[in-house]
Amino acid sequence: MDTHAFKRSLHHSERYNRRGFGRAEEVAESLEQAYQSGLIGTIRDNGYKLSHGRLTVRLAEAFGFCWGVERAVAMAYETRKHYPAERLWITNEIIHNPSVNDHLREMDVQFIPVEQGVKDFSGVTSGDVVILPAFGATVQEMQLLNERGCHIVDTTCPWVSKVWTTVEKHKKHTITSIIHGKVKHEETLATSSFAGTYLVVLDMEEAQIVADYILGKGDRDAFMQRFSAACSPGFDPDRDLSRLGVANQTTMLKSETEEIGRLFERTMLSKYGPAELNDHFVAFNTICDATQERQDAMFSLVDEPLDLMVVIGGFNSSNTTHLQEIALSRGIRSFHIDTPDRLDAQANAIEHKPLNENLRLESNFLPAGPVTVGITSGASTPDRAVEEVIEKLMLLSES
């Protein structure tokens with residue numbers, strides 16, 4: 001399928017909108033009440049620091065809603081305002097934040113049901129309005145909705161669209177896209193649908209397996225068993241790993257994406273030599289600015305003397321998980337929560353999700369005496385949620 005031609009055709013359709021409806025002022029008050037925070041503004045103005053009795057809060061200098069998320073949420077609110085009576089769907093969570101998605105449900109936005117990992121579009125009919133979330137949607141989903149006569153409101157983050165353009169260029173030049181991402185993440189599913197030949201690698205460990213195979217150090221059967229669910233149909237590692245381009249899920253850890261890119265550049269240089277390197281490896285630049293800013297701010301924050309860290313964001317949020325990884329890499333006692341409700345100020349307890357584990361309830365969360373708490377949040381977390389966590393910490397520090 002010529003995905004580029006399909007996108008161009010879709011973008012010219014009268015039933016497609018990716019620019020909003022000019023109703024920003026009409027939804028501004030609702031957005032402010034639901035997501036913004038006066039306290040957070042005050043803390044920003046005070047050098048990202050708050051002192052309250054024995055408690056000191058240090059905020060990361062970049063956190064919370066990124067521009068792409070703000071845009072997607074605002075467009076969703078505008079869509080309901082523009083289509084007050086129409087049946088309104090969304091193909092997935094608008095962003096990885098439970099409170100934001102709950103607000104959409106309260107606005108009678110229906111989420112496409114999922115049965116055994118497969119989306120069921122049978123309830124969507126001609127004339128329905130369907131929102132594509134910030135992560136985007138697969139080209140097959142877009143095609144289905146277009147053919148069904150739906151009105152499509154596309155809130156896909158432009159940084160994600162940039163990655164799609166990158167893998168389409170790879171496809172045009174018969175280059176295999178190595179996608180650094182989580183194979184079942186909505187964004188990676190969408191990106192791979194625009195690619196031609198592709199292989200998804202989760203981390204440096206998997207990237208090294210691919211690099212070793214390119215240099216003749218791997219077993220084909222073992223390789224295919226490892227990556228059978230992470231590659232394009234008909235993928236042949238002996239044929240399809242000779243010309244590579246790297247792309248990424250925009251919320252992955254920036255440093256690891258760059259390291260993976262350097263690994264494959266060295267690998268192709270070793271195999272083909274400097275004279276032929278440009279024929280076998282394509283450099284990339286698909287790292288999201290907002291993701292990079294939040295990770296850089298987190299690295300700066302964990303250099304400060306912190307007693308503990310609270311990371312706020314959806315448990316299925318990739319960018320939030322990577323912020324948690326940064327704290328843990330510095331040996332900081334860190335807690336990942338998805339909503340302020342996880343913190344019980346009366347009992348000094350917190351229900352949190354340790355990395356790669358199930359939820360855990362921890363007592364004696366805030367230690368006695370003077371305590372400095374670092375706080376950051378993922379790109380899908382509104383300031384209001386961060387404010388509520390800080391208010392609970394202030395209350396807890398007084399007890």
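Just so you know, glycine gets a Cβ as well, placed from its N, Cα and C.
The shown structure was predicted, so the numbers you read here are calculated from the model rather than taken from an experiment.
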Can you pick which of His52, His151, His180, His185 Swiss-Prot lists for the same (2E)-4-hydroxy-3-methylbut-2-enyl diphosphate site as His96, Thr250, Ser317, Ser318, Asn319, Ser380?
His185
Surrounding CB atoms that lie within 10 Å of the CB of Cys157 ([4Fe-4S] cluster binding site), all protein chains:
25
Which residues does His185 (dimethylallyl diphosphate binding site) neighbour through Cβ under 8 Å, counting only same-chain ones at least six apart?
Phe135, Gln249, Ser318
When you rank Glu187, Thr250, Ser317, Asn319, Ser380 by Cα distance to Cys288 ([4Fe-4S] cluster binding site), which of the recorded positions ends up on top as the closest?
Thr250
Please identify, among the recorded positions His96, Glu187, Ser380, the one with the smallest Cα-Cα distance to Cys157 ([4Fe-4S] cluster binding site).
Glu187
Checking the binding-site residues Cys66, His96, Thr250, Ser317, Asn319, Ser380, which are within 10 Å of Glu187 (active site, proton donor) at the Cα level?
Thr250
Consider the binding-site residues Cys66, His96, Asn319, Ser380 and say which one has the Cα lying nearest the Cα of Thr250 ((2E)-4-hydroxy-3-methylbut-2-enyl diphosphate binding site).
Asn319
